[in-house]
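J.: Below you'll find the structure I mean.
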Amino acid sequence: MMEKADGENPTRINKYACACAIVASMISIIFGYDTGVMSGAMIFVKEEFKINDAKTEVLAGILNLCALVGSLCAGRTSDYIGRRYTIVIASLIFLCGSVIMGYGPSYAILLVGRCVAGLGVGFALMIAPVYSAEVSSPSSRGFLTSLPEVGISIGILLGYLSNYIFSGLSLRLGWRMMLGIAAIPSLFLAIGILKMPESPRWLIMKGRLGDAKKILYKVSNDPQEAEFRLREIKQAVGIDENCNDDIVKIPDSIKSQGEGVWKELLLRPTPSLRWILIAGVGIHFFEHATGIEAVILYSHKIFDKAGVHDHSHQILATVGVGFTKFIFIVLSTFLIDRVGRRKLLLTSLSGMVVTLTALGIFLTLAENSGGKLIWALVLSIITTYAVVMFFNIGLGPVTWVYSAEIFPLKYRALGAGIGVAVNRLMNATVSMSFLSISAAITTGGAFFLFAGISVVAFIFFYFFLPETKGKSLEEMEAVFTRGRRTENVNREVEIVKH
């Protein structure tokens, strides 16, 4: 392993790299807004179009099924045209989807708008963390790569506030304003991202060393760090580290295009690459299998079951969910590079097991009492916020940081795309089945189910996800080897003994 003393300053965050990550995260704000605003808009859509719970579930979940397609397309797209232009495409797709939803003269047209926006979601969720990870240094990568998740939280909060602000308008105008207004920031982002640089790692993968070197000097704290990072990326791509040409020819075996990369990653992976794939897909699977989308999307339904029946009070209580999510996601960004990914994950899952179980108990008591047990109602709301708190202190942000940083450069876009596809599939599964599950085993029973899945997630994370804090992107394959994993586990055991 190369020494980090070769120029890296672990105490500073490069302002230019931070600005790049912030701009890339704007696409996540738009996605978060679309998720949050639909929670309240569904109340009014259901009232205007007279749709049943089944159609409500389809309206909620169709976005994520389309996002699955978008994320798989985004991986190949970003390898061909670059990370920056892929963000532009995501913004333009969002723009089209928002306009269609804002128009929405019928349920069918509204679904079309959700589908178009879903493609944009898939592109956004795949590309924003990858771009942020590739412009940042190891010492600040956790912070910068978690900014897209912060953006999602800001967007969800803005969506909830939009629900509250526009709910006072007429039925026909209110929810259309909620959904259509997202077109405005989408347009500005599509223009603004063109001012940002391309990912230096993508440029090197295309043989454009001169352009990549200029950008690395901007996103690094000093020339020594820039040269250190440049040497590491050259080695990973298969270029002589002493090569100073502006343009070089990249070996065909390194180019991340075509069916070969799919086969190498999915059919013939090395042991370390197979472990990386299992970890990357697994963390995305459990992020939504543990039920957070049920809380975010159907919080008004949860509060209704707890005994809060007034629409304005439901929306106001939902705003509290957004504030809780935002506060703890921001806190996690400052902890992720200090505490580490693994500790945050295990702490997060431990808290989710307890709070999901408690939420199931209090909702069951509140529902069976017909809303007469005020203390059960209050505790249901408190534990709902607690679930959101524990999710956003660890599992929420770490999922996107971890999956964006562990794949080798050649497989990064494809691996991240597969992870996001699984993420959206599980999101769609939960959002399109929660009401049906609640009807079958009660709302409280649904959260007991999510608590059980959280236990399985804790076990998976403990055994399959090694710590990546402070490691460069080029070191990840070494981290995911059995020898290194055994050393880390033995070290943890020794710490516990002492």
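From the backbone N, Cα and C atoms, a Cβ is placed for every residue, glycine too.
I grabbed these lines from TrEMBL:
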type	residues	note
DOMAIN	20-469	domain 'Major facilitator superfamily (MFS) profile'
TRANSMEM	21-44	transmembrane segment
TRANSMEM	56-73	transmembrane segment
TRANSMEM	85-103	transmembrane segment
TRANSMEM	109-131	transmembrane segment
TRANSMEM	143-161	transmembrane segment
TRANSMEM	173-194	transmembrane segment
TRANSMEM	275-296	transmembrane segment
TRANSMEM	316-337	transmembrane segment
TRANSMEM	344-366	transmembrane segment
TRANSMEM	372-402	transmembrane segment
TRANSMEM	447-465	transmembrane segment
J.: At least three Cβ pairs under 8 Å linking the transmembrane segment (143-161) and the transmembrane segment (372-402), pairs spaced 6 or more in sequence?
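T.: Since 3 or more Cβ pairs under 8 Å link them, the transmembrane segment (143-161) and the transmembrane segment (372-402) do come into contact.
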J.: Let me check one thing: do the transmembrane segment (109-131) and the transmembrane segment (344-366) come into contact, meaning three or more Cβ pairs under 8 Å with sequence separation of at least 6?
T.: no
J.: Go through the chain and flag residues at least 6 beyond the ends of the transmembrane segment (316-337) whose CB is under 8 A from any CB in it; none is fine as an answer.
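T.: Residues 36, 39-40, 139-143, 146-147, 149-150, 152-154, 156-161, 163-164, 295-296, 299-300, 303, 308, 344, 381, 384-385, 388-389, 392-394, 396-398, 401, 469-470 contact the transmembrane segment (316-337) from elsewhere in the chain.
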J.: Is the transmembrane segment (21-44) packed against any residues at least 6 beyond its ends, judged by a Cβ distance under 8 Å, and which are they?
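T.: Same-chain contacts beyond the ends: 56, 59-60, 63, 87, 90-91, 94, 97-98, 117, 120-121, 124-125, 127-128, 131-132, 135-136, 144-145, 147-160, 162-164, 167, 171, 174-175, 178-179, 182, 185-186, 189, 192-193, 195-196, 296-300, 311, 314-315, 318, 322.
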J.: Which range wins on Cβ pairs under 8 Å with the transmembrane segment (447-465): 56-73, 344-366, 372-402?
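T.: Between the stretches 56-73, 344-366, 372-402, 344-366 has the largest tally.
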J.: Averaged over the whole of the domain 'Major facilitator superfamily (MFS) profile' (20-469), what is the pLDDT?
T.: 88
